[in-house]
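Colleague: Quick one: structure below, then a few questions.
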Amino acid sequence: VGFKAGVKEYKLTYYTPEYETKDTDILAAFRVTPQPGVPPEEAGAAVAAESSTGTWTTVWTDGLTSLDRYKGRCYHIEPVPGETDQYICYVAYPLDLFEEGSVTNMFTSIVGNVFGFKALRALRLEDLRIPTAYIKTFQGPPHGIQVERDKLNKYGRPLLGCTIKPKLGLSAKNYGRAVYECLRGGLDFTKDDENVNSQPFMRWRDRFLFCAEALYKAQAETGEIKGHYLNATAGTCEEMMKRAVFARELGVPIIMHDYLTGGFTANTSLAHYCRDNGLLLHIHRAMHAVIDRQKNHGIHFRVLAKALRMSGGDHIHSGTVVGKLEGERDITLGFVDLLRDDFIEKDRSRGIYFTQDWVSLPGVIPVASGGIHVWHMPALTEIFGDDSVLQFGGGTLGHPWGNAPGAVANRVALEACVQARNEGRDLAAEGNAIIREASKWSPELAAACEVWKEIKFEFKAVDTLD
């Protein structure tokens, strides 16, 4: 039988509204903005085709395979409320299209090519449903929430962190000194900034040594286990692994990686190393806003968060709801739950398009960081709950008396909020009063309250629900 050459409409092959999705399919929800004159069915089918088996014309080699078995299918389309030309197109991909245990391959297939497609004005991947059969091919986070608590011996409260500033320009010795003061004052963690790798003013090995010295000294003085996120991100995977190995030899509890700039392949390798060697892995999302900030084009952060849980990381930055960085409350809590919980029900009011079962993949601790200070502590404790890291960079180091008093102020504020919550008080309503009461017993907290009493970062969130 000859084949019929020529171009035919995508929707004839790839738009299948009668299709019943399988438990093993990867499901995607795309926000599609077609070019004027392109019907939504054709646009949705084009997305399904270009991200699976299709190309722009019929090819004779189609006859050598079973398209029905391997093609992506656009199985449902709904208009976006309040928009005239946007649609949510649901696409189902057969599992055989993807390499096991490879986030890299999953993204190359689903978002690799189709975003430059001419028939679309814009395209955004809003959510993915990863089937359990595929999840079981991933190791996921090196340790997860419970193992981390056991390693640190810290229970019943959020953990406190601080990014060392100025992020660039300090010598290794002064950097270590700043780390020591923060940890000595009562923080659980300090953090390398995401762009601290190994620059001329501070090479990585020197930084690792001085930070290790700082955290052992703080540990001995406070009797608490301390950590510093040593950034192992590097220009090559081999160099990254070398840094991770050195961190393990120093006996530190945690290292760090920039997973988007470093790449999923590097990140997954590092996560495997961390599990095999007992290191916790802190993940920074540098570059995420390039991908996720536009409402009608790109990839929503909840998808990047799911991908990170599969690739592997014990902490990930996830917005604050109250600080200087983007994040609306319901949406942020939607992907915070995606990171922590075993099972998440579909809930469109929180931007969750699919029910997701993580089976036995460990959870990831969300990190709230960016423009937060002691007055935010009640809100953060209430919004994020115990399984979170609250990270105050300027909110620690900007204290008028220095780093250690800044750390004391944050720890006192946190302990006051946790105690008030445990006594049944309403943190949302009484937050300011709780902080004021605590500041009577802590001059460090009183000074912090005074400095930041007027600060607000009030802008309308870009990332809103429809």
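A Cβ is built for glycine as well, from the same backbone N, Cα and C atoms used for every other residue.
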Colleague: Among S52, S369, S388, S439, which residue does Swiss-Prot annotate as binding substrate at the site that also has N113, T163, K167, R285, H317?
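Modeller: Swiss-Prot names S369 for this substrate site.
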Colleague: Check S369 (substrate binding site) against DSSP and tell me helix, strand or coil, would you?
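Modeller: The three-state answer is strand.
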Colleague: Inside 10 Å of the Cβ of H317 (substrate binding site), count up the other Cβ atoms and send me the figure.
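Modeller: A 10 Å sphere around the Cβ of H317 (substrate binding site) contains 23 other Cβ atoms.
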Colleague: Which residues does K167 (substrate binding site) neighbour through Cβ under 8 Å, counting only same-chain ones at least six apart?
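Modeller: D193, N195, V196 - these are the non-local Cβ neighbours of K167 (substrate binding site), listed in sequence order.
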Colleague: Least buried of the recorded positions K165, K191, H284, R285, going by other Cβ atoms within 10 Å?
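Modeller: Among the recorded positions K165, K191, H284, R285, the lowest count of other Cβ atoms within 10 Å belongs to K165.
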Colleague: If you measure C-alpha to C-alpha, which of K4, K165, K191, E194 (recorded positions) come within 10 angstroms of S369 (substrate binding site)?
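Modeller: Of everything listed, nothing lies within 10 Å of S369 (substrate binding site) (Cα to Cα).
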Colleague: Near H317 (substrate binding site) in space, meaning Cα within 10 angstroms, which of the recorded positions do we find among K4, K165, K191, E194, H284?
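Modeller: Of everything listed, what lies within 10 Å of H317 (substrate binding site) (Cα to Cα) is H284.
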